[in-house]
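> From Swiss-Prot, for reference:
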SIGNAL    1-16  signal peptide
DOMAIN    17-82  domain 'LCN-type CS-alpha/beta'
DISULFID  Cys28-Cys81  disulfide bond
DISULFID  Cys32-Cys57  disulfide bond
DISULFID  Cys41-Cys62  disulfide bond
DISULFID  Cys45-Cys64  disulfide bond
MOD_RES   Ser82  serine amide
Amino acid sequence: LLIITACLALIGTVWAKEGYLVDKNTGCKYECLKLGDNDYCLRECKQQYGKGAGGYCYAFACWCTHLYEQAIVWPLPNKRCSGK
């Protein structure tokens, strides 16, 4: 039973949701300039998704990691970022 519980916890950690941080009003990704480790992205991901979230700059947009399964990430259905 202990081994099964440990395996389930590991699978949940490995398969945690990831995605681009999105502005729910505009449908646009949060932009960033400094690729890789980025304090701005980390702070914004934690603020929107909680203390357990991580974040960095990938392809000039904030990429959030360790999200809960229901977290809303880019792209939003039926909402396109105007002009981008």
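Each residue, glycine too, has its Cβ placed from N, Cα and C.
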> Where among the disulfide-bonded residues Cys28, Cys32, Cys62, Cys64, Cys81 do you find the Cβ with the fewest other Cβ atoms within 10 Å?
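Each of the disulfide-bonded residues Cys28, Cys32, Cys62, Cys64, Cys81 was scored by Cβ atoms within 10 Å; lowest is Cys81.
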> Could you check the disulfide-bonded residues Cys41, Cys57 and say which one's CB has the most other CB atoms within 10 Å?
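Counting every other Cβ within 10 Å of each candidate, the maximum falls on Cys41.
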> Work out how many Å separate Ser82 (serine amide) and Cys28 (disulfide bond) at their Cα atoms, rounded off.
8
> Do me a favour and check the Cα-Cα span between Cys41 (disulfide bond) and Cys81 (disulfide bond); whole Å is fine.
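Their Cα atoms are separated by 19 Å.
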> Can you see whether DSSP assigns Cys45 (disulfide bond) to helix, strand or coil?
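Its secondary structure by DSSP: helix.
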